[in-house]
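*Asks:* Okay, here's the structure, questions in a sec.
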Amino acid sequence: MEELGAPATDRQESNKHEDRDEEERGALQRLLTSSSAKAIRSVTDVGNMGRRFRPPTGREALKCLRGNLLTLLTVLGVLSGIALGFILRRSRDDPWTQREQIYVKFIGDIFLRMLKALILPLIISSLISAIGSLDISLSGKIGARAIAYYMVTTVCAVILGIILVVAIHPGKEENKDKDFMENAESRNVTTADTLMDLVRNMFPPNLVQATMYQYQTVLIVPNYSAEDLAENKTLPLHEWKMRFKFEEGTNIMGLVVFSTVLGVCLGKMGRSGKPLLDFFRSLSEAMMIITNWVVWFSPIGVCFLVAAQILEATDIDEILNNLGWYFITVLLGLFLHGFILLPFIYGVMTRQLPFKFIMNMTQALFTAFGTASSSATLPITIDCLETKNGVDPRVSRFVLPIGATINMDGTALYEAVAAIFIAQVRGLPLSLGNIVAISITATAASIGAAGIPQAGLVTMVMVLNTVGLPAEYVSYIIPVDWLLDRFRTTINVLGDSLGAGLVDYISKAELQNMPVPASLELERVEHEKLNKQDKAGTSFDPDLEWHTTPM
């Protein structure tokens, strides 16, 4: 009788499990339709694919190809430019004249002109909208901690990059820029003059003038007599007569400072400042769309820039050697910052092992590497933080959007290294003031960098302009930029994630005194259920469209 009754009992237990699964399925479906779960819902397909381990369908393969089309075209453009450059270089024995090189580089110059045209509207609108949109209403302390963390780590990344590029010196002098050298030598300024000019340019007297000119101190060479020169009776630099002038070139520093102040002001004004803030938000979105269009032109522009660079080069082996050392320097800097410095800060502040936290972010990091976009990775980053690292949704959904906008540690490090590397290759002298200017501009440029692939090229041109380096020198780093873009995006996402975890740990007291929205409370309960299922080695039905795969 017991054997006959066993199947009936099993059926009853099975029905109970099915009823319970139906209830859980209904709760999850209601959760997925709530507005607070929209970000997590977008990563469903990724989680399901990882759990089923099935080969991708033709549609999925096509979708993946489209998502990486820009990268593939950029690589094709680099390879085509290398092939075109060597074919033209070996087509005759005589070297190519400057005019002929300009003909080859013409399309690449058009691409650089488009990048330069984007600098002012993109950086100004991005800074104002990003800073003005910072909503500190959740908690003044939480917002202040997040911003302080992001600013400190970005500055640390820039300093680390500068130390490495100066110590390793990847750019061995290839060909001095005579025009730039003559201009640099004619100034004969002291370090104090350079630093004072840097501060003066932060406060331009005319904003319209700042879009076209920079303030500059020039020391006039004294008229020494032949006897004075023979007896070496010369005056020290600080006793030379000074002359002040406005040199042609955009005053990026002044515009960045003004944009920052205006953004803070609009954020403080609240409702009365909303119309102007909405204008800059719309302008920022429009400029990001235009930037995306221009970036799609990059494969063609890169092709001709690389070809022209090969024609101009006197020693191809030296170029490849410099580029290899530059690549190693950037990767070393990104590794030290992302996997040594940031985990150290997290470990010291939280007294927890950072590498377990990082391991739980593996899916987000691989997605960042694959998409080369911190904005596109944001939903998966939120999912990993909340479901695997237990970060409070009130923190993750407040801090991460800020981080995806203003925290670009990898980009800041890369731009500082690239600017100094280009100066080294061209044999251009950089004073202490120039290096300080690069540091500040790289930090500001990383804040204004759009979260789209290869947008760092736009801000890279801005950093070069700050120290007077021609924009066409960006062609030195283009051949490897497409790959470095993926590494620095990964570090950007890692920095955002560790920052959210750190702020969550420090803000426990504030979070306990804050009311939890009903939607987030329901989500927290469901996350706990998911974590229990993960620990038990089981998961919900994949058809629930919820990612529960343990990493």
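Easy rule for this one: first residue shown is 1, then count along the chain.
Each residue, glycine too, has its Cβ placed from N, Cα and C.
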*Asks:* If TrEMBL is the reference, give me the range from 48-68, 531-551 marked as region 'Disordered'.
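*Replies:* Comparing 48-68, 531-551 with TrEMBL, region 'Disordered' matches 531-551.
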*Asks:* Please give the sequence-distant neighbours of the transmembrane segment (69-90): residues at least 6 beyond its ends with Cβ less than 8 Å from one of its Cβ atoms.
*Replies:* 96, 104, 295-296, 298-311, 372, 453-454, 478-479, 482, 486
*Asks:* Go through 290-311, 323-345, 458-478 and flag the stretch with the largest number of C-beta pairs under 8 Å relative to the transmembrane segment (110-134).
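*Replies:* Going through each listed stretch, the top one turns out to be 458-478.
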*Asks:* Using a Cβ distance cut-off of under 8 Å, indicate which of 146-168, 323-345, 458-478 has the most pairs with the transmembrane segment (290-311).
*Replies:* 458-478
*Asks:* Could you tell me what the rest of the chain brings near the transmembrane segment (146-168), counting residues at least six beyond its ends with Cβ under 8 Å?
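*Replies:* Residues 134, 325, 328-330, 332-333, 336-337, 341-342, 345, 398-399, 402-403, 406-410, 412-414, 416-417, 420-421, 424, 435, 438-439, 442-443, 446-447, 495, 499-500, 502-503.
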